[in-house]
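Notes for the one structure printed next.
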């Protein structure tokens, strides 16, 4: 039963693993492109695969509102609905309930909220969230939790973390155990070392197929995030995947892999691509800049993606300035490919045992 | 020199031909997807090719404003700029100057207008339009003309048509004759038989590589359009391609092919695709309709396009309602494929000599 995680090799704290699911394998460290509303925005499924991505993330909150989990279940599940036959991880909806909906009311049983689409009232509980993820046929289900904002005081952080632990138990109980499907716990506790330790240990007592670190990438910054990883990761068993939710910039990912994180997701490559930002070796460029108007070179000379193989900065500058859909498509494609190439490079260096021979900055140069 | 047109077979007035250009062959009757701003909206070049399209149309007006013809020339021409290696036809800018720009002033020399993007003043003349199309490296250049609205009186129609004839001569004179490149004349004269005849004969006296019928698809309706074709086409030599500009719906194309037209262009499949309309056998469907929310079948059971092979109406309903870019991509892909499959079917029936065995309505069922 469940999913299977094997560590092939390690280098310092960094691990090179493989997660096996009912829909195939995921090589870790892995970056999961975000497919909020049953589509990685602007991308064909086969284009996502062409970037090297082996798993995507779907959003329970968005999908329960539209088209609704019963519609997707009726049509054979999320994989079939969106024509993506590789693994899917779904979040629990907790984060979006906090960030997108209005008139939230948190009770011990769950969260009452109004849809950001039409104001309709919903009540999301751990059991309901897990049931929705089951109907979506998600390979990796996330427990329903409260994601706290930053900064918060110790009192609120502890109260919230303890509520999330109760919900974690209820989530685990509601999960339908099946071969090739798993459920991850989410460690909370904001930036407090004692709370993170309590959360991690209690979750492992319940027992999950992987452990996520939640409540980061909410404005605390790079150094604070690394500090939390530093005192949280030693409390997590080494034989399960570790997933840092909502992270992040390439430099965040590189630093986190060096500290033992295996999985990541973030809207950054897709969202910023649509806005004209490209991740390239050594940093970020804004393709709208007038200096690219006659630039016949690709976004990144080191990149082998479809966009870089076929189109110039000048053309992308024109498309994005003209608000053309193809601009969003090609920029997104490159950014996801950059992230996937980065993960591949990190995996290779872990295998070779040379990951720590390079600075984080040097590792942003991706071939 | 020039482009080469060969009629392989005919069936009644309908012709099955091949146009040879510097960038390859075009099988006629042909439909040209519109690639206004150096992109067929929402489509990768290779996706356009996958639909069977062999030529696209670029808009001189849009490209001269942004990014500018000199930028494109500097980067190696429009084919290279947009990574489309098959033939390109460009319009002359005349139609868009009339429909999009503000503060137009027509003089015997050309048209002064203000850009719809930033209000900047431009003066477009026949020589300038041809020069821009040359810089774009267009395989088929269109003469600069005045496209009259509908309805207009005989006096204005004649005055405009005679000005367009003067501009036709100037356009021909400005054209750079090269092997694999050609220039088409545009017959004007609104809905008046005598004017269409004068225009057609005068243009053929100047001598062009093909003859377009302009000033239609401007609100005159299906029957009036066919009436104009009926009395205009007999005045056009049979050994050059005939191009009906801006047309149209599948039923318009079918009826026009039966009357001897070889080439078409229209924004309908791309624009209406983005808006959620799909062309299918027997008519049009609006994918936003609630009845498709649980419909697991493809847009058109007879269609073999990428969209119909991989996605359901239910998924497209969800994407279009969610305003997802992928919805625009997949709907556009299907619509262009529908049009290309229609043209292929018409070509096959001309070859078989059975085109007139089917009603226009029956021919909208495309396998």
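A Cβ is built for glycine as well, from the same backbone N, Cα and C atoms used for every other residue.
TrEMBL annotations: computationally assigned, not manually curated.
The domain 'tRNA-guanine(15) transglycosylase-like' annotation in TrEMBL covers B:13-361.
A simple way to gauge crowding: the CB of residue B:93 (substrate binding site) has 28 other CB atoms within 10 angstroms, across all the protein chains here. Residues annotated as substrate binding site in TrEMBL: B:91, B:92, B:93, B:94, B:95, B:145, B:188, B:215.
Following the DSSP three-state reduction, the secondary structure of residue B:91 (substrate binding site) is coil. Taken from TrEMBL, the feature active site, proton acceptor covers B:91.
Residue counts for the region 'RNA binding' (B:246-252) by DSSP state, with H, G and I taken as helix and E and B as strand, are 3 helix, 0 strand, 4 coil. Per TrEMBL, the feature region 'RNA binding' maps to B:246-252 (among others).
Summarising the annotation, TrEMBL assigns active site, nucleophile to B:265. When Cβ atoms from all protein chains are considered, those within 10 Å of residue B:265 (active site, nucleophile) total 24, not counting its own.
Feature annotation from TrEMBL assigns region 'RNA binding' to B:270-274 (among others). Non-local neighbours of the region 'RNA binding' (B:270-274) in the same chain are 33-34, 40-43, 284, 328, 331-336; each lies 6+ residues outside the stretch with a CB under 8 Å from one of its CB atoms.
Sequence annotations record features per position, and here TrEMBL assigns Zn(2+) binding site to B:303, B:305, B:308, B:334. Taken residue by residue with DSSP, residue B:303 (Zn(2+) binding site) is part of neither helix nor strand, so it is coil.
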Next item on the list: Please tell me which one of the binding-site residues listed here (B:303, B:305, B:308, B:334) sits closest to residue B:91 (substrate binding site), measuring Cα to Cα?
Entry: B:334
Margin query: Which one is it, among the binding-site residues B:215, B:303, B:305, that lies nearest to residue B:265 (active site, nucleophile) by Cα separation?
Written below: B:215
Notebook entry, point to check: So what sits near residue B:308 (Zn(2+) binding site) in its own chain, CB-to-CB under 8 Å and at least six residues off in sequence?
Noted result: B:298, B:299, B:300, B:334, B:337
Notebook entry, point to check: In terms of DSSP three-state secondary structure, what is the assignment for residue B:308 (Zn(2+) binding site)?
Noted result: helix
Check: Near residue B:95 (substrate binding site), which residues of its own chain have a C-beta under 8 A away, given they sit six or more steps off in sequence?
Finding: B:61, B:147, B:214, B:245, B:246
Item checked: Additional residues around substrate, ordered along the sequence, whose Cβ is within 8 Å of the centroid of B:91, B:92, B:93, B:94, B:95, B:145, B:188, B:215 -> B:98, B:142, B:143, B:144, B:146, B:147, B:164, B:186, B:214, B:245
Notebook entry, point to check: Where does residue B:265 (active site, nucleophile) sit by DSSP, helix, strand or coil?
Noted result: strand
